[in-house]
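So the structure is just underneath, and the comments pick up after that.
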Amino acid sequence: MENKKNKKVILVVIDGLGLRKEKIGNAFELAKTPFFDKMFKEFPWSFIQASGKFVGLPEGQMGNSEVGHLNIGAGQIVYTGLSLINKDLEEKNFINNKAFLEVIEDVKKNNSTLHLMGLVSPGGVHSLEDHLFEIIDVAYQKGLKKVSVHVFGDGRDVAPRSIKSSFEKLEKITNKYNYDIASISGRFYSMDRDKIFERTEKAYEALLGNSNSKFDNWSEFLNKQYSQEISDEFFIPSINASKNVNFVKDGDSIIFFNFRPDRARQLTHLLIGSSLYDFKPKKPVKINKFCSMMKYEGIETLIAFEEMEIKNPIGKVAEKAGLKQLRLAETQKYAHVTYFMDGGVDIEYKNSKRIMVESQKVRSYADHPEMSAKGITDELIKNAKDFDLTILNYANPDMVGHTGVLTSTIKAVEILDYELSRLVDFAQKNNITVFITADHGNAEVTEDDKGNPQTKHTSNPVMLITSDKNLKLKDGKLANISPTILDYLDIEKHEDMNEESLIIK
């Protein structure tokens with residue numbers, strides 16, 4: 001029997017590619033994918049659950065890249081921000097939250113304004129609007145008079161023009177308490193994560209009340225933006241025209257109710273003057289108390305909810321076993337194969353290498369469905385022979401799927417198919433075993449049955465494919481993947497990894 005300790009493994013995480021039989025709007029089924037066809041026919045594979053309770057999210061909640069990579073790396077179900085926060089929401093514990101209360105007491109003491117900012121969306125990927133509504137309730141119960149809400153439009157994790165219902169719910173509660181909707185910005189500006197600070201600063205300026213784009217009410221604002229073919233994600237940072245509205249100024253305090261950190265850090269940096277980035281705003285502001293819903297890595301804030309700690313992810317177990325490791329992705333997903341795969345910690349292991357292939361800086365990946373996939377495969381072919389465990393990410397199906405352009409998403413899947421054929425061919429020639437999975441669904445539902453674009457993630461299962469034809473795999477969930485790989489390598493998993501291997505023996 002071959003000594004598995006000499007085996008090398010490449011784990012490919014495809015971003016945003018689920019399994020669905022229906023062809024309507026299904027870029028995966030409609031694409032020409034000769035290599036995928038070959039793999040599903042000739043290689044062992046199984047179904048993997050990547051959403052809802054299987055990844056520590058509420059029942060039926062679609063998966064996402066952060067949660068997916070956390071679960072893959074941890075080898076256990078990771079109860080993330082949404083689940084943790086929802087528990088307190090259901091138990092009406094927001095009113096007892098120490099961080100919230102510290103902010104509120106400071107606002108009362110200084111007769112300042114509390115600013116609530118974040119993605120107002122039912123999506124549950126970066127935020128959940130119900131959290132905002134509960135915080136508003138708490139602010140009122142605690143006697144705050146001056147509360148301003150700064151709305152970030154979604155249109156990416158939910159339908160492109162779906163914010164109307166969120167505004168209706170928000171207006172009902174702000175009118176009830178005489179609070180204000182002070183500014184509106186699309187997440188394209190307020191939640192950039194690619195260090196394009198020209199975008200972030202436009203959202204920042206709107207928070208301070210500096211914008212030439214103004215609105216009298218949200219309904220008029222929506223009509224104007226939509227008439228210019230601007231969807232929720234791309235709302236021009238705009239401010240309430242009323243002279244009575246309080247914008248962010250020195251001495252005020254902020255609660256940023258986004259729980260996911262990656263798209264919250266740049267704007268937070270500008271507001272509190274952190275040292276995380278070099279970019280500084282032209283008009284800095286002094287915030288008294290800044291509370292983030294969860295920890296934003298690299299930035300010091302009050303933290304409302306502490307995340308579950310992952311102490312022994314696959315990277316650490318592999319390091320202790322003496323394995324050389326390679327992590328590889330393009331800019332858009334680099335944090336996912338490093339920070340999130342390692343349990344929400346930025347760590348470089350001994351005998352490891354990280355390679356980030358630069359993502360193209362474009363307005364829409366619909367026009368560039370190739371993204372940087374070729375560069376990722378090229379780097380893998382150059383480097384993987386020197387490493388025992390390689391973990392990489394292909395971003396195409398997710399990032400192009402988010403555009404809702406079916407033809408482009410089909411092209412993205414076809415490009416991925418070709419790059420996987422190159423990767424597996426290289427691996428087989430060098431006695432490296434490949435495992436291929438995905439972190440969540442997306443590209444398999446790019447349009448609905450009426451042809452309307454669908455840009456959000458899905459709750460469909462994904463695949464786990466292996467190039468080792470001697471294996472048999474059973475169905476499972478993302479948290480089973482690390483135990484499966486360690487089992488294949490004859491490495492004992494850590495006791496924290498309480499999920500089993502999917503290899504049938």
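Glycine is no exception: its Cβ is also placed from the backbone N, Cα and C atoms.
The annotation in Swiss-Prot ties D398, H402 to Mn(2+) 1, and of the candidates under consideration, H457, H494, the one tied to the same site is H457. Of the listed candidates (R187, R199, R327), Swiss-Prot assigns R187 to the same substrate site as H126, R156, D157, R193, R260, P261, D262, R263, K333. In Swiss-Prot, the Mn(2+) 2 site is described by D15, D439, H440, and among S46, S65, S482, S501 the residue recorded at this site is S65.
Here the CA atom of S65 (Mn(2+) 2 binding site) lies 14 Å from the CA atom of R193 (substrate binding site). Using the Cβ center of D15, S65, D439, H440 for Mn(2+) 2, the list of other same-chain residues with Cβ within 8 Å runs, in sequence order, V13, I14, G16, A50, G63, N64, G68, H69, K333, H336, D398, A438, N442, H457. Put simply, S65 is the one of the binding-site residues D15, S65, D398, H457 whose Cα lies nearest to the Cα of R263 (substrate binding site). Comparing Cα positions, P261 (substrate binding site) lies closest to S65 out of the binding-site residues D15, S65, H440. With respect to their backbone Cα atoms, H402 (Mn(2+) 1 binding site) and H440 (Mn(2+) 2 binding site) stand 13 Å from each other. Cα to Cα, H457 (Mn(2+) 1 binding site) and H440 (Mn(2+) 2 binding site) are separated by 7 Å. Proximity note: of the listed binding-site residues (D15, S65, H126, D157, H440), D15, S65, H440 have a CA within 10 Å of the CA of D398 (Mn(2+) 1 binding site), given in sequence order. The candidate set comprises the binding-site residues R193, H457. Of these, H457 has the most other Cβ atoms within 10 Å.
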